[in-house]
Amino acid sequence: MKVKSYEVCWFLTLALLSVLPGTSYTILWQSSFSCGGPLQSNTLQIIISGLPADILPEARATKPTGTVPFILSRFSSYTGKRKKKKKMKLGKVEFCHFLQLIALFLCFSGMSQAELSRSRSKPYFQSGRSRTKRSWVWNQFFVLEEYMGSDPLYVGKLHSDVDKGDGAIKYILSGEGASSIFIIDENTGDIHATKRLDREEQAYYTLRAQALDRLTNKPVEPESEFVIKIQDINDNEPKFLDGPYTAGVPEMSPVGTSVVQVTATDADDPTYGNSARVVYSILQGQPYFSVEPKTGVIKTALPNMDREAKDQYLLVIQAKDMVGQNGGLSGTTSVTVTLTDVNDNPPRFPRRSYQYNVPESLPVASVVARIKAADADIGANAEMEYKIVDGDGLGIFKISVDKDTQEGIITIQKDLDFEAKTSYTLRIEAANKDADPRFLSLGPFSDTTTVKIIVEDVDEPPVFSSPLYPMEVSEATQVGNIIGTVTAHDPDSSNSPVRYSIDRNTDLERYFNIDANSGVITTAKSLDRETNAVHNITVLAMESQNPSQVGRGYVAITILDINDNAPEFAMEYETTVCENAQPGQVIQKISAVDRDEPSNGHQFYFSLTTDATNNHNFSLKDNKDNTASVLTRRNGFRRQEQSVYYLPIFIVDSGSPSLSSTNTLTIRVCDCDADGVAQTCNAEAYVLPAGLSTGALIAILACVLTLLVLILLIVTMRRRKKEPLIFDEERDIRENIVRYDDEGGGEEDTEAFDMAALRNLNVIRDTKTRRDVTPEIQFLSRPTFKSIPDNVIFREFIWERLKEADVDPCAPPYDSLQTYAFEGNGSVAESLSSLDSISSNSDQNYDYLSDWGPRFKRLADMYGTGPDSLYS
């Protein structure tokens with residue numbers, strides 16, 4: 001076998017690396033193949049472990065040991081049939097020389113570092129002699145996860161330079177997983193893993209190793225810490241932690257519109273190999289959507305996807321590790337994509353024309369018809385606007401939109417009249433409320449249709465020429481005078497005659513009448529404006545041919561005022577004059593009222609009557625403002641002389657003709673204080689100086705009322721009915737004779753009276769107590785006697801009835817005769833009937849029956865012994 005020069009170079013390089021104290025190296029060889037094709041590339045990777053961190057400061061320290069793993073070199077080659085893509089990153093010979101230089105550098109650096117370490121370490125004393133600290137030596141400490149073998153997995157070897165191989169050194173292991181996961185051969189220092197390890201659960205374990213003297217069990221080396229790293233394998237598939245996904249994208253979106261991004265995570269080590277490098281692909285949903293392999297962004301792949309054709313798509317997205325190569329693990333998720341609506345469909349009426357029939361009596365604001373333009377869009381994109389663009393019913397009808405159903409609602413704005421116009425034609429347009437400029441090229445987003453409305457004739461009630469008739473009449477008008485006239489006509493083509501009447505619910509007092517044919521309104525009673533100034537009445541007009549058709553007109557009759565009420569005092573005045581009043585003092589100001597309402601307002605004139613003009617006590621002054629003042633003419637008023645004065649006042653109004661009235665003002669003389677305030681106005685105050693106070697009067701009234709109540713209670717107690725001695729509600733009827741003209745029904749009558757109550761000896765009656773006598777005394781007070789005849793049955797019967805009478809509360813409280821119709825339980829002579837005597841062998845003689853008279857003739861003929869008596 002021919003050995004190439006660069007292979008010898010690699011071997012020498014590795015030999016140099018092996019002599020470095022405390023270091024180890026790992027050689028990784030990876031081959032890549034194309035899908036079903038030849039070898040594409042080879043990769044050689046040499047990893048050196050255990051180098052001090054200060055040798056390669058740019059290296060990344062990943063463990064707490066103070067050492068770093070260092071990728072010494074990577075050699076890659078690409079082979080295959082494709083000549084153009086053949087590639088060599090570094091020549092083999094050049095790479096070999098590079099390795100030699102690196103190895104020599106590391107050797108010298110490692111030796112100097114070891115010397116430095118020994119110079120810094122403290123001397124270690126054992127058995128009375130001193131020595132310098134030696135370094136640990138072990139192989140690499142990398143363990144593959146998920147090892148499934150039956151034997152423990154070999155991890156590495158610990159070895160101390162003190163160990164001469166004679167078994168005097170014992171190795172022990174402590175730290176994470178010691179004894180439970182990792183075990184060490186105390187003789188050789190070999191470390192094994194006893195359990196399956198999972199890097200995703202724990203990526204590395206930190207342990208401590210120590211070499212002990214087997215005899216003395218004392219350490220021969222200081223305790224050293226090292227790390228066992230778990231090397232990753234591809235044992236976890238990518239997972240979509242946020243799936244399944246839902247997303248939306250507008251319909252008609254261009255190709256490449258982003259929909260949603262999906263993300264898959266892989267629990268494998270992303271820094272080692274391709275186990276965690278994920279690529280995305282779409283398994284379901286093509287050709288409508290695509291996914292970016294690296295980012296997981298889902299995009300539209302087809303243009304003009306229409307929501308009205310299909311509004312929802314279900315995608316299945318796969319995430320595969322190992323950069324999607326064969327052998328990689330994969331996971332999937334579902335993505336539900338909904339196409340959201342855009343305004344890409346114009347409204348369209350399903351019909352070009354519509355026709356509706358409506359009666360002419362339909363009231364204003366009533367709905368005539370509902371029309372709707374179809375729009376395949378939804379939501380705000382389907383909102384409509386309707387308007388009447390043409391036709392002869394622009395002022396008669398209007399159209400609005402129903403916000404819930406998007407229908408156009410046609411309603412009436414004015415009353416319809418068949419006799420005036422029988423049909424209307426409307427041109428109605430429907431348009432989208434908000435049009436999308438992107439789709440205006442598809443056509444106008446509006447549509448029109450024609451609506452024809454046919455007015456149907458109905459029998460309408462009579463219509464008045466005016467909705468309200470205002471009328472005026474003087475309250476002095478005579479009964480029967482004409483006030484005014486109302487007119488109504490039948491709007492139908494038949495023009496039926498109309499009859500008038502007044503709705504008496506609006507004219508309860510029947511002040512007015514109306515002529516049934518002409519509609520002339522007249523007065524029926526005298527009118528009084530002060531009682532009711534305006535009369536609002538309703539006039540009914542009905543068709544002669546169809547009285548059910550009734551129209552209503554409204555009449556407002558205003559009563560005009562005349563001067564028919566005289567003025568009078570505005571109120572009841574309580575006028576007083578003080579005993580110490582001075583002459584010319586005003587003691588009262590009066591005014592007047594008039595129930596009439598003249599057009600120019602009231603004007604009243606006040607004066608004293610002719611009889612009172614010359615009185616020496618009081619005078620009257622007209623203030624010319626519809627008021628007057630009463631003044632005193634003298635002083636020295638005394639209650640003992642005269643306590644009350646009456647002053648007649650004459651009041652005249654300004655009406656035409658004017659009316660007047662005389663009103664009397666009552667003036668009392670009072671004792672006043674210094675300020676002129678009346679104190680006492682009673683003349684009897686001097687006669688009864690020691691009068692009773694109000695409290696005393698109230699006390700006297702209270703006493704009188706108390707006596708009246710006592711007398712009423714006494715009378716009530718005396719008239720109160722005494723309670724009966726027996727608890728029965730029925731009154732005791734003793735010596736009253738009650739006659740009943742009632743004949744019994746004979747022995748066959750079992751409804752009138754129950755005979756079993758007399759014949760039953762064992763009847764149990766309810767025991768009732770007497771109010772006045774206790775049962776024990778009653779039994780002792782009743783004398784016993786022997787029943788006659790002396791028969792046990794009769795004696796028991798009478799004794800039972802006697803006990804019942806003693807305890808019966810309804811029985812009278814005195815001795816009385818009790819009669820019982822009891823015949824006994826039977827007779828030894830059996831029946832006493834003679835009906836069967838004719839057939840018996842009895843030799844009894846019944847000839848005496850013929851001697852008893854004609855009443856017994858029939859019996860004598862039946863039972864007689866004569867030869868001619870049997871069939872006579």
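The backbone N, Cα and C atoms fix where each Cβ goes, glycine too.
Feature annotation from TrEMBL assigns signal peptide to 1-26.
According to TrEMBL, the domain 'Cadherin' annotation covers 160-240 (among others). Secondary structure of the domain 'Cadherin' (160-240) per DSSP (helix as H, G, I; strand as E, B; remaining residues coil): 0 helix, 36 strand, 45 coil.
Confidence in the domain 'Cadherin' (241-349), given as mean pLDDT, stands at 90. Per TrEMBL, the feature domain 'Cadherin' maps to 241-349 (among others).
Per TrEMBL, the feature domain 'Cadherin' maps to 350-464 (among others). Note on the domain 'Cadherin' (350-464): DSSP counts are 10 helix, 54 strand, 51 coil.
The domain 'Cadherin' annotation in TrEMBL covers 465-569 (among others).
For 569-686 (among others), the entry in TrEMBL reads domain 'Cadherin'.
The transmembrane segment annotation in TrEMBL covers 686-715.
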Residue distribution over DSSP helix, strand and coil in the domain 'Cadherin' (241-349): 3 helix, 45 strand, 61 coil
